[in-house]
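Per TrEMBL, the features are as follows:
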type: DOMAIN; residues: 43-295; note: domain 'G-protein coupled receptors family 1 profile'
type: TRANSMEM; residues: 25-49; note: transmembrane segment
type: TRANSMEM; residues: 61-88; note: transmembrane segment
type: TRANSMEM; residues: 94-122; note: transmembrane segment
type: TRANSMEM; residues: 142-166; note: transmembrane segment
type: TRANSMEM; residues: 198-223; note: transmembrane segment
type: TRANSMEM; residues: 244-263; note: transmembrane segment
type: TRANSMEM; residues: 275-297; note: transmembrane segment
Amino acid sequence: MADVNHTAFRPGTFLLVGIPGLEKFHLWISLPFFSMYIFALLGNLVLLFTIVREQSLHKPMYLFLSALTVADLLLSTTTVPRMLAIFWFRVRDISFGACLAQVFLVHFIFFAESGILVAMAFDRYVAICNPLRYVTLLTHSVIWRIELAAVVRSFCLILPIFQLLLRLSYCRNRVIPHSYCEHMGVARLACTSIKVNVVYGLTVILLSVGVDVVLIAVSYGLILRAVFQLPSAGARRKAMSTCGSHLCIILLFYTPAFFSFFTHRFGGHSIPRHVHILLACLYVVVPPMLNPIIYGVNNKQIRETVMSM
């Protein structure tokens, strides 16, 4: 039942605060975010162009990396320009439809990227633990099917969240204490119960992303066991270098995401709101910025190809 002190309705617009409690520092905060966004755009575009252009990079590992690059470009571009508009021009209004579209895109990209990381872990597992079958197992058609499966799974997981937000009746309060629209930030403006939203969000994280993390951990456990059994020290170093790059990307992706998710639901009173929002904002720009750097520095073939362009 709607609260008697509020009139339930669907607002035409929401108001995004930015980073609550730090409004007077928005201009200064915007400078590193703008710089990181530019680096993320340039780095990922260069990496994507390099993989597409160079025929020798049309291998499973690099094709999965190109999919990750596209996801990073979409994630940062979906959120950072809106943040900068708030920080620079105080453009805080966002229409109801645009807000729900941003919710859809942010979570859709997150689930898709998680699926891509599982595929990358599987790729490294086959390459190191079963190298003789690597080319026959991971053909281009199989790679496209895996990437399509990640996209379809992501769509199926996020569509109910979209529908759950549409079914809610919203109160007159339309202020979202965030720099971009996300599921629980919007749901908390409802006058009706959001228990289903909370339960579904938690279930999806634990049963989809949680399973992804377990699969990645198992893959790298088997990889490490195989690496330490290699007779050549040079082969061990090469395998560890490649896997180290992947592990860095995985930690960059999951650590802030899980921290943001669980503090938003269970640690709201113990962690200052501006800290939570700031970390959530960093999550959508720092991994996209660092991923091309990690691969550009650690992967000799990509580094040499970029230098020769």
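Backbone N, Cα and C atoms are what each Cβ position is placed from, and that goes for glycine too.
Unlike curated entries, TrEMBL annotations are predicted automatically.
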Within the domain 'G-protein coupled receptors family 1 profile' (43-295) only, compute the mean pLDDT.
91
So which residues does the transmembrane segment (275-297) touch in its own chain, when a touch means Cβ under 8 Å and the partner is 6 or more beyond its ends?
19-20, 22, 29, 33, 36-37, 39-40, 43-44, 46-47, 65, 68-69, 72-73, 75-76, 78-80, 83, 106, 177-180, 182, 245, 248-249, 252-253, 256-257, 259-260, 263-264, 267-268, 303, 306
